[in-house]
Amino acid sequence: MKPKIDYSIYLVTDRDLMSTETLEEAVEKAIIGGCTLIQLREKDCSSLDFYNTAVRVKEITDKHNIPLIINDRVDIALAVDAAGVHVGQSDIPAAIVRKVIGNDKILGVSTGSVNEALEAEKNGADYLGVGAMYSTGTKKDADSTSMNELRKIRENVSIPIVVIGGINKDRVKDFKGIGIDGLAIVSAIIAKEDITTAAKELKNEFIKI
């Protein structure tokens, strides 16, 4: 059965930015601060390293009853029995991913336009990651998405939307009244010296919108 997901504060990992010794430590601190969902994103490591990292991170997420999503790698997601997988526009098509993972896993898709959003929803996405909303150092090649486009996406799809890309605690208020379901955060949590406090502050800002 597909898990019920709270998308509100969604940490996307980046080992190059983390302020802690280990990724597991960063993830646990973020969860203690209020992160409700974790995505393990590893772009520059071997399959074995990714798998081993996923096993260790899943021990932390399982301990706190927080779902783990794997970025891009359907095989890793299935191997560690993660809650689901997240794919981008240049990854395996969402419809194929859905066939592989079945109906009991969560499928997230990165989108930046209404057309991409509608296509993702049609192909079985459970949620959309919309952005990049602002310029970001973590994905320098990411196309930007306007607030107007975000509103159009919200009006045209019924599945949950999380926004991503350059979001920090001071920008959360920009999304007031749009109807987003969560914030996908990288550096504004994982790069902070005090990860737990950073997550708490973002959660407090999200509650206001």
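The chain as shown is numbered from 1 upward.
Here the Cβ of each residue, glycine as well, is placed from N, Cα and C on the backbone.
Annotated features in Swiss-Prot:
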BINDING   Gln39, Leu40, Arg41, Glu42, Lys43, Asn71, Ser110, Lys139  4-amino-2-methyl-5-(diphosphooxymethyl)pyrimidine binding site
BINDING   Asp72, Asp91  Mg(2+) binding site
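Asp91 (Mg(2+) binding site) falls within neither a helix nor a strand when secondary structure is assigned with DSSP, and so counts as coil.
Between Arg41 (4-amino-2-methyl-5-(diphosphooxymethyl)pyrimidine binding site) and Asp91 (Mg(2+) binding site), the C-alpha separation comes to 13 Å. Fewest other C-beta atoms within 10 Å: among the binding-site residues Arg41, Lys43, that description fits Lys43.
Scoring each of the binding-site residues (Gln39, Asn71, Ser110) by how many neighbouring Cβ atoms lie within 10 Å, the top position goes to Ser110.
Asp72 (Mg(2+) binding site) and Glu42 (4-amino-2-methyl-5-(diphosphooxymethyl)pyrimidine binding site) have their C-alpha atoms 9 Å apart, to the nearest angstrom.
The sparsest Cβ neighbourhood within 10 Å, among the listed binding-site residues (Glu42, Asp72, Asp91), is found at Asp91.
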